[in-house]
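Over in Swiss-Prot, the protein carries these features:
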- 7-99: domain 'HTH La-type RNA-binding' (DOMAIN)
- SER92: phosphoserine (MOD_RES)
- SER94: phosphoserine (MOD_RES)
- 111-187: domain 'RRM' (DOMAIN)
- THR120: phosphothreonine (MOD_RES)
- 226-346: domain 'xRRM' (DOMAIN)
- THR377: phosphothreonine (MOD_RES)
- 377-415: compositional bias 'Basic and acidic residues' (COMPBIAS)
Amino acid sequence: MAENGDNEKMTALEAKICHQIEYYFGDFNLPRDKFLKEQIKLDEGWVPLETMIKFNRLNRLTTDFNVIVQALSKSKAKLMEVSADKTKIRRSPSRPLPEVTDEYKNDVKNRSVYIKGFPTDATLDDIKEWLDDKGQILNIQMRRTLHKTFKGSIFAVFDSIQSAKKFVEIPGQKYKDTNLLILFKEDYFAKKNEERKQSKVEAKLKAKQEHEGRHKPGSTETRALEGKMGCLLKFSGDLDDQTCREDLHFLFSNHGEIKWVDFARGAKEGIILFKEKAKEALEKARNANNGNLLLRNKKVTWKVLEGHAEKEALKKITDDQQESLNKWKSKGGHAGGRFKGSHVFTAARRFKGKGKGNRPGYAGAPKGRGQFHGRRTRFDDDDRRRGPMKRGRDGRDREEPASKHKKRENGARDK
């Protein structure tokens, strides 16, 4: 049996091979990897290299046993062992896995970092390359939509709280000239919760104002419109089809508070309503981006609305909000609910109607069908796969060895 750790210099390929195998058997992945955990029970922890080369990412690097053995022999991590006949590998018994206790889970959470600002077509290898000199990373989770599209943000787990803190405190970090939003994972979720609370407060205030406005025709609406003059910013151009309202909130996050965005994904123009003057927010954002204010790396025409165009846009905003509120209420909702899209900007509340067992149902629910009750607890983010899993993927937490058809890292079939 040969242990790794020789002081020979690694080639770039050997370094990638070691990194990949040590990830598979590492503290973060192995406890979550059902397939590998089953394999290591069969032969005192040994896993045949014939099995390992079926793992997609290792398979793309090499299928040559000698190359793998040679690479592991040069690793300084001392995590892996190679069998005497050089056909099997295992995690060294002298490096047992940490016990997955609440304390351990809390430690992992404290060294996890949220990073946003990557292009949606970035690959796991692109992100790994960017993070290569940022500290030792144990895991990268690419956050995806329900349709498996990359959101442009990740969660990265560092090897220690100190290295995570050092990374977070680096000012002005960019990915290919794009500013990145970097927060500790716990701070990110706290920020999202605070935004939801603020939305609920604004929703209640808006509902109250609309209720009072019905008793004073014209007066409330007029005052509201006057208070928003100079606060509208129009944007237009050959926008990316994946451009969304969240991109605008991120772009102006430190320059002006956005109250409402009239924009639908796929459109080529839209309007932003700021709490304060739009001109000031635009100037601050431009100055922070060296005068070149892009949206998903696309050129955009920015224009502060004035005069007749401004009045018409404000009137449309008010009308759309009221129309959406009326439609929702007609389905059984109460004033003060939150609507997504280019309509009312308020927070969700309880719906009318009753579900199974005389419990509250949801607006527009089909009659005669039972509903789920209670709340579903989610961990990490809203992109976690549902249902039983044989193995995950390397960029998401785990990876499954390829069978007859190999898998891509985004879940599609390799060809």
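Glycine too: its Cβ is placed from the backbone N, Cα and C atoms.
Sorting the domain 'xRRM' (226-346) by DSSP state (H, G, I as helix; E, B as strand; all else coil) yields 44 helix, 22 strand, 55 coil. For the domain 'RRM' (111-187), residue counts in helix, strand and coil come to 19 helix, 30 strand, 28 coil, using DSSP. According to DSSP, the domain 'HTH La-type RNA-binding' (7-99) comprises 42 helix, 10 strand, 41 coil.
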